[in-house]
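Copied from TrEMBL, the annotated features are:
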BINDING   12-18, 40-42, ARG304, 330-332, 412-414  GTP binding site
ACT_SITE  ASP13  active site, proton acceptor
BINDING   ASP13, GLY40  Mg(2+) binding site
BINDING   ASP13, GLU14, GLY15, LYS16, ASN38, ALA39, GLY40, HIS41, THR128, ARG142, GLN223, THR238, ARG302  IMP binding site
ACT_SITE  HIS41  active site, proton donor
ACT_SITE  LYS139  active site
BINDING   THR298, THR299, THR300, GLY301, ARG302, ARG303, ARG304  substrate binding site
Amino acid sequence: MANVVVIGAQWGDEGKGKVTDLLSRSADVVVRYQGGVNAGHTVVVKGQTFKLHLIPSGILYPDTKCIIGSGTVIDPAVLIEELDQIEALGISTKNLLISETAHVTMPYHRLIDKASEERRGNQKIGTTGRGIGPTYADKSERTGIRVLDLIEKEALQQQLNWTINYKNVILEKLYNLPPLDPTVVIEQYQAYAERLRPHVVDSSLKIYEAIEEKRNILFEGAQGTLLDLDHGTYPYVTSSNPVAGGACVGAGVGPTMIDRVIGVAKAYTTRVGEGPFPTELEGTLGELLCARGAEFGTTTGRRRRCGWFDSVIGRYAVRINGIDCLAITKLDVLDTLEEIKVCLAYEIDGERCDHFPSSSRKFSRCLPIYKTLPGWQQSTSECRTLEDLPSQALDYLKFLAELMAVPIALVSLGASREQTIIVEDPIHGPKRALLDSNHVPLIS
Ligand code: IMP
């Protein structure tokens with residue numbers, strides 16, 4: 001039995017979907033603990049491709065329970081669309097459980113998200129426009145609608161009447177937008193409630209029961225460490241806590257119940273939206289990584305900004321999340337390069353800095369100090385063991401593991417499940433904190 005948290009060690013889109021899909025095979029329960037329909041992963045089932053934003057891909061395994069936890073925000077229209085897609089394939093969704101204390105994204109959240117971004121002008125964050133920030137803001141303001149309110153007809157009516165009138169003032173006076181009709185929204189959301197009701201549960205209790213039954217639980221983070229509201233590149237962040245600690249709050253479990261943290265990082269770096277990105281590559285190399293890595297967002301279709309691997313960020317992610325081992329994804333994207341750079345540290349205002357700065361203003365002045373490594377210039381997509389890898393690719397991985405002082409347990413070399421090298425068991429390997437100081441944190 002092991003309870004494992006999988007997190008993104010960069011700015012999201014690290015390929016967590018593939019890693020959690022692989023690990024879901026040995027999980028009895030998969031819990032999504034934060035975020036909303038801003039996240040997205042592409043799943044191919046029975047030759048058909050579709051995009052999931054909220055439902056963990058573990059739903060495709062017949063015996064795996066999937067829980068959308070308390071720390072998430074749920075857009076019911078999108079969730080129902082996902083349920084419809086899955087059911088249309090003949091796959092049962094009876095194993096999907098929705099937390100009664102998750103918050104619900106309403107039409108005014110989307111409208112305010114888009115309008116406030118526009119109002120920000122060149123200060124914009126580059127949000128996905130899915131209403132995520134305003135939903136979490138209402139949660140903190142204590143004007144949010146929770147799933148348990150959604151499924152109680154009278155409570156919903158009462159709360160929405162009050163809230164929509166309040167939001168209409170903001171929509172009309174602040175953003176010059178037409179008001180919403182409470183009756184229409186209430187009717188629409190009552191219909192959503194009927195569809196979702198059979199899935200609604202006390203999720204932290206279900207998770208606790210699974211822990212007591214010694215089930216394997218996989219806690220799945222969305223986005224990544226640098227998009228964390230508290231520990232990311234504020235204000236260019238999302239409104240929840242993708243870091244491993246967020247799993248405890250968002251799922252409602254104590255830290256003593258987490259056995260292991262797996263960090264997922266790409267062999268290079270990407271980010272979508274605004275904000276500083278020291279190792280960003282503009283021009284041909286950036287284009288090449290974007291094209292070879294198909295770096296376009298699942299949710300918004302936006303082109304992702306691409307750059308070299310940044311080990312300052314990597315070490316920061318190891319520290320903030322307590323990462324035990326790493327999964328390095330998309331190594332094959334680097335296959336054609338003659339040389340590959342890795343950022344070792346930054347120079348800020350003429351001084352060397354080995355640590356991630358908390359200030360985004362300072363971060364925007366960071367100049368990367370690089371080490372250049374030779375590329376391998378051959379395809380790795382068919383490699384299935386470390387021995388199959390060209391020596392330069394192996395050296396590259398060893399270098400990353402050394403820089404971050406964490407073993408690499410898994411290497412991904414393409415989208416399919418087979419295009420993976422399992423170096424050591426990512427779930428049952430040793431806990432990093434328990435390794436003695438003589439442990440050489442290489443990849444095997
Ligand atoms: P929001 O989460 O829509 O409020 O967007 C806030 C920031 O997080 C923006 O820079 C988005 O591009 C980024 N973001 C949100 N979700 C994802 C994701 O799943 N992958 C990568 N970036 C994301």
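Using the three backbone atoms N, Cα and C, a Cβ is placed for every residue, glycine included.
The substrate site, placed at the center of the C-beta atoms of THR298, THR299, THR300, GLY301, ARG302, ARG303, ARG304, has further neighbours from the same chain whose C-beta lies within 8 angstroms: VAL272, PHE296, GLY297. Reported as a whole number, the C-alpha separation between the residue listed as 'active site, proton acceptor' and ASN38 (IMP binding site) equals 11 Å. Comparing local CB density within 10 A for the binding-site residues ASN38, GLN223, the maximum falls on GLN223. Near GLN223 (IMP binding site), with the C-alpha within 10 Å of its C-alpha, lie none of the recorded positions LYS18, HIS41, THR298, THR300, GLY301, ARG304. Using a 10 Å Cα-Cα cut-off from GLY40 (Mg(2+) binding site), the recorded positions that qualify among LYS139, THR298, THR299, ARG302 are THR298, THR299. DSSP assigns the residue listed as 'active site, proton donor' to a strand segment in the three-state reduction. Only GLY12, ASN38, of the binding-site residues GLY12, GLY15, ASN38, place a Cβ under 6 Å from an atom of ligand 1. Each of the recorded positions LYS139, ARG302 was assessed for Cβ neighbours inside 10 Å, and the highest tally belongs to LYS139. Looking at GLY15 (GTP binding site) and the residue listed as 'active site', their Cα atoms lie 29 Å from each other. DSSP assigns THR300 (substrate binding site) to coil, not to a helix or a strand.
Rounded to a whole value, the Cα-Cα separation of THR298 (substrate binding site) and THR42 (GTP binding site) is 7 Å.
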